[in-house]
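To keep things clear, I will list the structure first and then write my remarks on it.
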């Protein structure tokens, strides 16, 4: 069975390498040296930030269990993290738009470093504070950095099409290569070198501190709406008005919540799905295989987005449909295949089929991230970008908290079936988004906007007649 794992990993690695090495001029976009310098600076920072996040993942649950907490106590700690992200996410998002995205990125570093420090304490209340800080940091990680990048990219006058290059490369590195290396490095520190499960958190704090130093020394500040007469409540109203008045933004938020909700649920379900009878499976190696699959997806995304005639809104319908089928595999396998092996034995044949499906799902995740970033850069207004992006995370965090609270209440096949339905709904909504976007482009054609310009450009053309806060 070990040969099977190596074959899957080796096959994926070969495909990723072939895709990267075989890129032609059609797959590459000619850019300027100034943009390449800007892109590389962001990629270094983003990779360090993601390393600080990925290093913690493999040992969070294990560390809590080493402190003597049971499954229920640990579950409440995880719920606190997602709950704080839900409650404080929109607030910190608005503050990022108001006070500056660079400050928000620095706040992420400080908050996550403090969260790492709390892992040295076995006290439950201290660990709870750490989870709350981690939830706030997560909200900033997935909003402030992207908001800073989009605003700074536009402020420097770079071609909007070049944003796709930065997005796809950031996911390839930050969510793929860095994740694999971080997992192996965490294992080296905690197990091979014998420093214990707290060591990866200390390493994460170091990477975050290095990234913060680069931000402080090389990033300029940018804002959503820095006007003094707009308080936090007004920022919320601007974001809510944008979502309510523009169907494209509302659809984008629903699509993101449906997909990410299913993705985070998958994180909790893949282990029991592949080892329902406590089969002996290499969790770390499988995790690395998933990350390699994600790299494959981001590599494909970079090729797709390099073609201006191929719209993100079109191919993402196919991605969501494939995702829905892959998470339906555990339900199908439960009826037609033997999915349980001997206790402590190797993975069953049904488990192998599911593993292939899960790798396909992770490839779809790799396609999803740069593509959703591209659509957000097109449709979300600059003045409330971070606020709106964190609004999108509210239903996501509610969904994950409910799943965590009831994870033992439903059979695993029901949970996977529910996720598959959500992903199919995302495909339908993506189809609707493409239709609405095409209709919008045809309606603004008389204004002479170039193909691919986002709706905020239209707002600028007609801002006197139709202000955003109207």
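Using N, Cα and C of the backbone, Cβ positions are placed for all residues, glycine too.
Copied over from TrEMBL, here are the features:
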{"type": "TRANSMEM", "residues": "6-22", "note": "transmembrane segment"}
{"type": "TRANSMEM", "residues": "43-62", "note": "transmembrane segment"}
{"type": "TRANSMEM", "residues": "74-96", "note": "transmembrane segment"}
{"type": "TRANSMEM", "residues": "129-150", "note": "transmembrane segment"}
{"type": "TRANSMEM", "residues": "170-189", "note": "transmembrane segment"}
{"type": "TRANSMEM", "residues": "201-219", "note": "transmembrane segment"}
{"type": "TRANSMEM", "residues": "281-302", "note": "transmembrane segment"}
{"type": "TRANSMEM", "residues": "314-336", "note": "transmembrane segment"}
{"type": "TRANSMEM", "residues": "348-369", "note": "transmembrane segment"}
{"type": "TRANSMEM", "residues": "390-406", "note": "transmembrane segment"}
{"type": "TRANSMEM", "residues": "412-429", "note": "transmembrane segment"}
Review point. Residues sitting near the transmembrane segment (390-406): Cβ under 8 Å, six or more positions beyond its termini, same chain?
Key: 75, 78-79, 82-83, 85-86, 89-90, 92-94, 139, 142-143, 239-240, 243, 252-253, 256-257, 260-261, 264-265, 268, 415
**Study point:** Contacting positions for the transmembrane segment (281-302) when only residues 6+ beyond its ends and CB under 8 Å are counted
**Key:** 2, 5, 8-9, 12-13, 15-16, 19-20, 27, 58, 164-165, 168-169, 171-172, 175-177, 179-180, 183-184, 187, 270-271, 274-275, 347, 351, 355, 358-371
**Study point:** Contact between the transmembrane segment (129-150) and the transmembrane segment (348-369) (3 or more Cβ pairs under 8 Å, separation 6+)
**Key:** no
Check your understanding: Are there 3 or more C-beta pairs under 8 Å linking the transmembrane segment (348-369) with the transmembrane segment (201-219), counting only pairs at least 6 apart in sequence?
Key -> no
**Study point:** Other parts of the chain folded back onto the transmembrane segment (6-22), taken as Cβ under 8 Å at six or more residues beyond its ends
**Key:** 285, 288-289, 292-293, 295-296, 299-300, 303, 355-356, 359
Check your understanding: Do any residues of this chain, six or more beyond the ends of the transmembrane segment (348-369), have a C-beta under 8 angstroms from a C-beta of it, and if so which?
Key -> 4, 8, 12, 167, 171-172, 175-176, 259, 263, 266, 270, 273-275, 279, 281, 286, 289-291, 293-301, 304, 316, 319-320, 322-323, 325-327, 329-330, 333-334, 337-341
